[in-house]
């Protein structure tokens, strides 16, 4: 994430329809065993989407000063009729709509763009665009050097968006050959015509008044409702929706053919009675059968589940397409065999693939018409040898989250579509909870490691009890117990209290134990120690409540502990030297005598050296560094390893720091080491003089 993210798309990049913008975090089979691993701060964000466009759909361009010419059928050009040409349509009725542009002739100069729009209202087999009667206008020079047959009329076609030479779906010179679009999608198509190389056709003369005129003609081939294919010989079935009554998963349904050839007793229907007859096709060894279904807008975001089961080896290939009929040339998703499919697509998930069973999902489908083409190989040899059942259903969560999670649903920002996702358990991940992140035995091992590693708290607790530091003993003991209970709940083993309470107790007592280790190193009385502990308890409680998993809490805790140690040393210093009586003259002399200051610093260093066992101090800092490294190395997958190391390291470092302190006499029983300013001990016994 950046502080500001800006995305700008031009009109050539935007297609008409519904657009979704999503912000995703943690995509993929990620291990999310511990909630503690999410240490990052929480960010709030806002988005602003603005769409700049022309007020009407018939205008385009940066300044909305260019016109889109709609193509429609004028009465005099309507050629809608039923053909029965046996050579072309194989004695099968087809509907052909052939029309021209409304203003008949269109004239354009070289590299001048002209945009047309065409609406394909229903499922069609073919869209053909051609230019008729292309010629130059009357201002052409009559030197006989021009050749109208050599005129280049480049045609760029795109579905739902403005086509250009750099961005288009189909293109071609429609003056030479018609531009044929097989299985065009339903919706609005935009057509851009651009003449080229006109100066070469008129003898190299560059004249801006020279234009080429033409008549644009388009044809749409549509078959009857129950037929499909260029010859209208293949069977086409419109599937009927049957809702499933499941309150926990709304908008789930299955689809059955409306034909009377099969019954609707279950979600599965036999396939063989519905297959097309291969004798009428272009190739006798291939037959196509099409199934169409409508996804309502409210059910968009669901998952289409296709399943085929046969008692023999299947010879079927499945092609899917949104808004049009699929073919070998145009499709959105396909399955051919176990090694050839769209399984590389993030919206296609293949589960079962064998010689007798096929099962796959198309994820997060759009609302509208979906077409499925079943391509049957060698239909003559397999027509009666096998029995195949097919099921097509719309489900919210694939495979019911593989029985390793629950299906959750959310409504999008518009409130018009319901999206579902799988909330997986601790051992599984992936969008369908099918990815095993850790085996059951591994989960037990990780749970034991995270819980049992807190036994390292026995080390500092034992030493504190031995030194009769009862406050520290209580802190270390309670910290180890609360951490074990927290991790037992975090990994899903057992929750003694609510997760929030256990998390607060774990972090609060851990913070207190770290600071208490620092305070223990100062030889101060119990009253001062209780005062420091009270202040620290308030500060660490606020930290554990407001943001316990933040990484900079470690720095804050160490800073608070260091400050507590410094305050303890100041209290100890003031206590040890408060009985020293210095004259005013001595104080003035000490401030100005460098030798005296050096001696005082030397005495302080000697005192610190004698105060600690520096081997234990060095070992304590080493263990503390190991704890910091393990904290830094924690990831979602290796959390259980490094956090267990963290438990052992942090408690071991506390134990070593406690052992590093040398037990000293009380301040009233000792004096400063400098003999020049040593106070005379007063003996309580009277000196014998006799």
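A Cβ is built for glycine as well, from the same backbone N, Cα and C atoms used for every other residue.
The annotation domain 'EGF-like' is assigned in TrEMBL to 422-433.
According to TrEMBL, the transmembrane segment annotation covers 507-524 (among others).
The annotation transmembrane segment is assigned in TrEMBL to 531-548 (among others).
Taken from TrEMBL, the feature transmembrane segment applies to 554-571 (among others).
The transmembrane segment annotation in TrEMBL covers 614-633 (among others). Counting same-chain residues at least six beyond the ends of the transmembrane segment (614-633), those with a Cβ under 8 angstroms from any Cβ of the stretch are 551, 554, 642-643, 645-646, 649-650, 652-654, 656-657, 659-660.
Sequence annotations record features per position, and here TrEMBL assigns transmembrane segment to 639-659 (among others).
As a summary of secondary structure, the domain 'EGF-like' (422-433) carries 0 helix, 5 strand, 7 coil according to DSSP. Below 8 A, the CB atoms of the transmembrane segment (639-659) and the transmembrane segment (531-548) form no more than two pairs separated by six or more positions in the chain, fewer than 3 in all. Below 8 angstroms of C-beta separation, residues 460, 464, 469, 471-472, 475-476, 478-479, 482-483, 532-533, 536-537, 540-541, 543-544, 548-549, 553, 557-558, 560-562, 564-565, 567-569, 571-572, 575, 611-612, 650, 654, 657-658, 660-661, 664, 667 of the same chain, each at least six residues beyond the ends of the transmembrane segment (507-524), sit close to that stretch. Averaged over the domain 'EGF-like' (422-433), the predicted model reaches a pLDDT of 85.
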